[in-house]
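Peer 1: Here's the feature list from Swiss-Prot:
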type: BINDING; residues: Y131, Q132, G133, S134, S135, G136, S137, K152, Q261, L262, F263, V264, D346; note: ATP binding site
type: COMPBIAS; residues: 31-45; note: compositional bias 'Low complexity'
type: DOMAIN; residues: 124-453; note: domain 'PI3K/PI4K catalytic'
type: LIPID; residues: C174; note: S-palmitoyl cysteine
type: LIPID; residues: C175; note: S-palmitoyl cysteine
type: LIPID; residues: C177; note: S-palmitoyl cysteine
type: LIPID; residues: C178; note: S-palmitoyl cysteine
type: MOD_RES; residues: S5; note: phosphoserine
type: MOD_RES; residues: S9; note: phosphoserine
type: MOD_RES; residues: S44; note: phosphoserine
type: MOD_RES; residues: S47; note: phosphoserine
type: MOD_RES; residues: S51; note: phosphoserine
type: MOD_RES; residues: S462; note: phosphoserine
type: REGION; residues: 1-58; note: region 'Disordered'
type: REGION; residues: 130-136; note: region 'G-loop'
type: REGION; residues: 165-178; note: region 'Important for interaction with membranes'
type: REGION; residues: 268-276; note: region 'Important for interaction with membranes'
type: REGION; residues: 305-313; note: region 'Catalytic loop'
type: REGION; residues: 344-364; note: region 'Activation loop'
type: REGION; residues: 359-368; note: region 'Important for interaction with membranes'
Amino acid sequence: MDETSPLVSPERAQPPEYTFPSGSGAHFPQVPGGAVRVAAAAGSGPSPPCSPGHDRERQPLLDRARGAAAQGQTHTVAVQAQALAAQAAVAAHAVQTHRERNDFPEDPEFEVVVRQAEVAIECSIYPERIYQGSSGSYFVKDSQGRIVAVFKPKNEEPYGHLNPKWTKWLQKLCCPCCFGRDCLVLNQGYLSEAGASLVDQKLELNIVPRTKVVYLASETFNYSAIDRVKSRGKRLALEKVPKVGQRFNRIGLPPKVGSFQLFVEGYKDADYWLRRFEAEPLPENTNRQLLLQFERLVVLDYIIRNTDRGNDNWLIKYDCPMDNSSCRDTDWVMVREPVIKVAAIDNGLAFPLKHPDSWRAYPFYWAWLPQAKVPFSQEIKDLILPKISDPNFIKDLEEDLYELFKRDPGFDRGQFHKQIAVMRGQILNLTQALKDNKSPLHLVQMPPVIVETARSHQRSASESYTQSFQSRKPFFSWW
């Protein structure tokens, strides 16, 4: 996708100077004649004694041999410096191009993390593949080796042609009729991840780690053999023939587009904590915190119609109070209230273009939890109802999602309208459930609704919508 974005224009393809700008990171070998070579490259000072214009007849034979050797060393170092300069210039231009793509002026904190990841990759601290899951995903690190984000490339998704997980390839080969989810748009998982973060921020839920679309290239990503051979060939050409290598649009591996989600520390799988809370019940105030956080997860999953929400792909962070059993009676101990938070990750299988109606229903597994039987609290009503009841807010949300989704090369406007129709129906059901004081369990039992834009031959200032219920149910229904 990046073959058409030249890194070095033909006008800039002249051989570079031998001297480097400060901070380029290049170092010249300390060899005899180095100072003479730099002076000659700069075009200042008299010609060295071994230059062709010097009267060699007056030199002793030993000095002539030394001069010829120094000239040969100077030429070798000059060629090496020229290759290093060309490589540094191309690399700097490539980094600048990636940074222009990965520009997030509206979120400077997120941009700082992306810059840290880019610098780490330049320093050969590459992302590490995550072996769990059904797609190619990677822990992205900073220059200190700390995990700062999770990157999921588009072409390594479960339906991508470069998915490194052989189990999905085997499933696609042996059982194609059961492969994939026909209610989802193929190869848009990275947009679904970023879209879930967008919805989370618009609704002020604050449970999805910030996620955006980012371009990254790394040796540890899964590339085709052709891409790797082309990259090695271009690098070899740049080293051997810098004039030719400078004319390539790109030297390294092609950058991959994908979702870049900030890494959250101190969280564990919800299944771990939920089992522990069954054995060790939480205090009343802490249990109230968990319930409020759980309601935010329900709101997010229901609006985006997440088709892959189990208890193993959302996280809980529980900061237990200080254990003062080992403290003496005379010690003063600061007792703090336990803090519990929820993080909704793995949102790549959301935003369907229709409600599931084929084989599987893809239920919300949190609906079987005890927290799902408690009616929605007044706090979540005050937070969500004013927003989702406002047509202007819904319209702004749709426009923001459109600006995000249209970045995909395979974007289809008709499919996007279907995705939005499903989301409108989910918002309609959620609004009614909150007003009727229902519980999350009652919410998921409501009939699926699709709200489409009504077609009219007359122009009007406001849009009208048509509401329809889905009567067809999946073969394996869960109610």
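The backbone N, Cα and C atoms fix where each Cβ goes, and this holds for glycine too.
Note that the structure is a prediction, hence the values are computed from the model and not measured.
Map these features onto the structure and tell me what's around them.
Peer 2: Of all Cβ atoms in the protein chains displayed, 23 besides its own lie within 10 Å of the Cβ of D346 (ATP binding site).
Looking only at the region 'G-loop' (130-136), the predicted model's pLDDT averages out at 85.
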Peer 1: Count the residues of the region 'Important for interaction with membranes' (268-276) that DSSP assigns to helix (H, G, I), to strand (E, B) and to coil, and report the three numbers in that order.
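Peer 2: Going through the region 'Important for interaction with membranes' (268-276) residue by residue, I get 7 helix, 2 strand, 0 coil.
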Peer 1: Per DSSP, what is the residue count of the region 'G-loop' (130-136) in each of helix, strand and coil?
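Peer 2: Its residues divide into 0 helix, 1 strand, 6 coil.
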Peer 1: Can you name the residues of this chain that are 6 or more positions from S137 (ATP binding site) yet have a C-beta less than 8 Å from its C-beta?
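Peer 2: The list for S137 (ATP binding site) reads R129, I130, V150, F151, K152, E156, given in order along the sequence.
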Peer 1: Counting other Cβ atoms within 10 Å, pick out the least crowded of the binding-site residues Y131, F263.
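Peer 2: Ranked by other Cβ atoms within 10 Å, the binding-site residues Y131, F263 bottom out at Y131.
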Peer 1: Would you identify which of the binding-site residues S135, Q261 has the most other C-beta atoms lying within 10 angstroms of its C-beta?
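Peer 2: Its Cβ has the most other Cβ atoms within 10 Å: Q261.
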Peer 1: Tally every other Cβ atom lying within 10 Å of the Cβ atom of G133 (ATP binding site).
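Peer 2: G133 (ATP binding site) is surrounded by 14 other Cβ atoms within 10 Å.
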